[in-house]
Structures are given as structure tokens and as C-alpha cells.
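Chemist: My questions all concern the structure below.
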């Protein structure tokens, strides 16, 4: 059968807190014969960390959290927000996609975290919930209206704590407290100033809200597993240990899975490996499309065809302008000294202060050919991130509502082989047309009177002057990813043959197995996905508690 594989810890010094005995550096420190657990959680990302923290609040629950990667503690590039681009590949799975048909057969490096805290330990820390429609869509897809913006809103409030920016900067006018200077926005009819991106109506020019506290990254490892949580006697965190399969019980008539290799649980096994890791683990365990499993010599134990299907993600591409600006480089040595001294200065942020979200107008020609995929009128189609301002303005234009879908499959019956990740980017014609409209929206923004005398020219690619084929080729040659995959183990109505999970996040047709991570989200939200996973995990924790 399968086994848990331990990996070496390298390049970091483990902090003293790992000596408590409840945070284990590798599998050898776990005495599975003597330990018994009510819940085992596979994956220490946002979903797994949140569930582990919430379940271990009950002293009667004995919880084991298994993370494939090392600790986040003591890693400066993770802790310092301004250093997030420097984070070592040690803390990544190193995925590379299959050749993308929609991107001229290019393969994309795809960064997914392999460290405690998951992607919250190495992402850009942007915190956007998405639109209220996104969460109401969960309820429509699952035919369970307990998944909705209204019911989930208290979980947002439970999960987050609004703190002031470092250095005492006044942030008034940059957020709306009830939901936790901008000349061109006053004049632009398409993108107006929006006080709070997290109000459920994100469209407009918004101030960035970030998962940063006291000048440091506040990942799931810090925010929900930090402080005294790790000291709870009923919580064990096992690091540097990759789970490769889940195993069925030989004693139950119905398919009952409460074992991950050598560790069994009395209540539930919870998978939180993320949109790539969870389907990879299920498929290697024989849970998926029977024919596809047989093709790679994996014995099927449960035919569940949608495992690894339905992947949706945000494609993005760059547009640029020439300008009269000047780049003022940061003195990194002095900035790091300031950060070490009092956690203030330029390294306490990522250098992006505002975002823009916009809807494509209803009379746009693409809607004559394609149905609007947005979850509702509050959901923007496009996000615009200005990456640099100086002699060249560079903006990343992302599609929030893609119709293209991808897959996660396995290449062989070796569970240590990496999954085959096909993002399916730009395989649906709507996505090309929508990104073209996104380029136009961005272009119109920078044509506003606020930029007169500053911008000297549009460098493209220009959707209004290039022939359609030439623009599309430029898009396919340059498009990339924002690393927001979801949907590979999607929720669906109870009793429905499609989907992977029921509305309570239980794997269909299996007892004792639940999924809590981005793979459960049916469509990529109009947001950076960490907030959606946090709120999913908060509610999942209550669902699990209610079952036991």
C-alpha cells in the first residue's frame, strides 16, 4: 500500500518553538502506534490550518495536522512583506503545467506553496473577498442556500482582525468600517472610487487590504496557528511529511476512509491539499474516473469522474505605456534595518496600494455571442493591477470570470510523480474576447485627464489598432497566471451524480472523508482567493463540529 514519505529540512534554522513536542519535524518523531486521533488533516495551508485551529479549540478533540513542507518560522523572505518575490523555491512544489493549447503550447511554471501556511506564506498577501454574488453562487451550485454571502459574512468577521498600517499611518478613507484622493476616479465613468473592496461590491478603484500585521506577513501559520495555538496538548503538527494515499477500511461494508497510510482516525479524515494536491491525493488513492485510473495502472476503489475536473483560474496579461515618471529605487539595506528595528518602512508592504475592478458593459459585442459568466451584477469581469510607474507604466489585466476549464490528472501510479496540471487557459473563445475588452478598459483609464502630460504613449498590445489575429497571438504569447486555481473537487447538490463533494464538503459515496480547500470552490471568485478559502474553512469547522 502507500506510505508517508518524510523529506529533509534544508536551508532554514528551525525556531525554538519546535521543541515543544507537538510540532514534529518529520515522520520519525510521530509514534503512530501510541497516538490516536479524532481528526487528521492533510495539508497545512489556509484550509487545513484554519480547521486544525478551530477543531483543537475543543480539548476533547485530538487533532493531527500533516504538512508536506517545512515550517515558515525563521524564514526572513516569508516574514518580510517586501521580500515576497525572493522566497526560495524550497517552499514551492515546483509545478509546471502541461503545454497550453490556448497559449501557443507554452508550459507555465506554477508556484504552489510547500510550507506551513500554504500559499498564505508565499503569496502577495492581497486580501479581497470577491462579490456577494460569488458566494450566493455556491448556494445555487450546491442547491444549499446555507452557502451564501449573508450566511458566510459572520465567518469573515470571525476570521479577520482589522489593524492599522505600520508606522501609525492614518488609513481613514481607505476602508469602510462596517465591512471590517483620487482625481481620475472622480472623472472616469467606468471605474469609480470604491471605499471598500470587501463590501461585497468590489467594482471600482479600491485601496489594497493585505494580510499583514505589525509590519509582518500574517499567514495562516501565524494568524490561526500562531501564539498559544501550537501549545495546545491536543494539537500535533507534523512537518516535512507528504501523504501519498488515503486507505479504505477493510471492516466496513460501505466505502469508509479514515486512514491516511499509517495513521487512522476515529472521526474524520480531512483533505486540505489545495486545488492540485487534493485531487492528486484522491486519484492516487483510486478515487476518480475509473477508466482514467486504469489507464495509469491505479486500482479504482470509487468511481467519481469529476475528481480533478472543472479547474478554473485567473489568466492575465501585461499592457504598458511610456511616461515621464522617474523610478526611485528603495535602499534595501537601510529598509531592512528599519524593518528589523521597528517593523516600519517600505518593506512592510508589497508596493501596490490600489487595484481596479471593472465590469464589461452589457452592450459589448461579446455578449451577443456568449452568455455572461459573471455570478451576478456585483461581480467584476476584469481586475487591473498597476505593477510599476516610472518611465514605463506596466499593468497586469486579469480575467475574473473565465469560461475556460482545466484539469488535474496523474501521470502514473507513482504517487510521488507530480500531477499533470492543464489550466486550459484561453480554450474558450469568450476569454480571449473578454481580455481584449479588459485591455480597452485599461487603456481608457490611462487616457483620463489626470494623466495628461505624464503618459507619453501606449506601448500595447493595442486591441484597437492591431488586427484581431495579431492581437490574439500577442495575448497567447504573453498571458500568464495569477495562481488562483479552484474547482477540482467541487461541491454539488446532495445526491447529484456530478461534482465531488456534497454541500457539507463530504466526498460523495465515501464515509469519513471531507475536503476543505480551494478545490471545493465551484468557480474562481472575482478576487484573490485566500479570503474565500478562509471563509470556507471557518464554516467547514462548524460543520465538522456539528457532526461530532
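Each residue, glycine too, has its Cβ placed from N, Cα and C.
Annotation source TrEMBL lists signal peptide at 1-21. Annotated FAD binding site per TrEMBL: 115, 123, 124, 125, 126, 483, 484, in sequence order. TrEMBL lists 274-288 with the feature domain 'Glucose-methanol-choline oxidoreductase N-terminal'. The active site, proton donor feature in TrEMBL is assigned to 484. Per TrEMBL, the feature active site, proton acceptor maps to 528.
Describe each of these features in terms of where it is and what it packs against.
Modeler: Cβ neighbour count for residue 115 (FAD binding site) (all protein chains, 10 Å cutoff from its Cβ): 28.
For the domain 'Glucose-methanol-choline oxidoreductase N-terminal' (274-288), the residues of the chain that approach it from at least six positions outside its boundaries are 2, 42-43, 45, 47, 68, 93, 95, 112, 118-119, 243-247, 257, 298-305, 307-308, 311, 408-410, 413, 415, 419, 421, 485-489, 500, 507, 510, 515, 517-519, judged by C-beta separation under 8 angstroms.
The Cβ neighbour count for residue 484 (FAD binding site), using a 10 Å radius over every protein chain in view, is 24.
Remark: residue 528 (active site, proton acceptor) has 123, 124, 126, 127, 128, 482, 484 as non-local neighbours, by Cβ distance under 8 Å and separation of at least 6 in sequence.
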Chemist: Going along the chain, which residues six or more apart from residue 125 (FAD binding site) have their CB under 8 A from its CB?
Modeler: 81, 84, 210, 211, 212, 217, 218, 350
Chemist: Restricting to the domain 'Glucose-methanol-choline oxidoreductase N-terminal' (274-288), what is the model's mean pLDDT?
Modeler: 97
Chemist: Within its own chain, what residues at least 6 apart in sequence put their Cβ under 8 Å from the Cβ of residue 483 (FAD binding site), listed in sequence order?
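Modeler: Correct list: 110, 111, 112, 119, 123, 313.
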Chemist: Can you break down the domain 'Glucose-methanol-choline oxidoreductase N-terminal' (274-288) into helix, strand and coil residue counts using DSSP?
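Modeler: Going through the domain 'Glucose-methanol-choline oxidoreductase N-terminal' (274-288) residue by residue, I get 11 helix, 2 strand, 2 coil.
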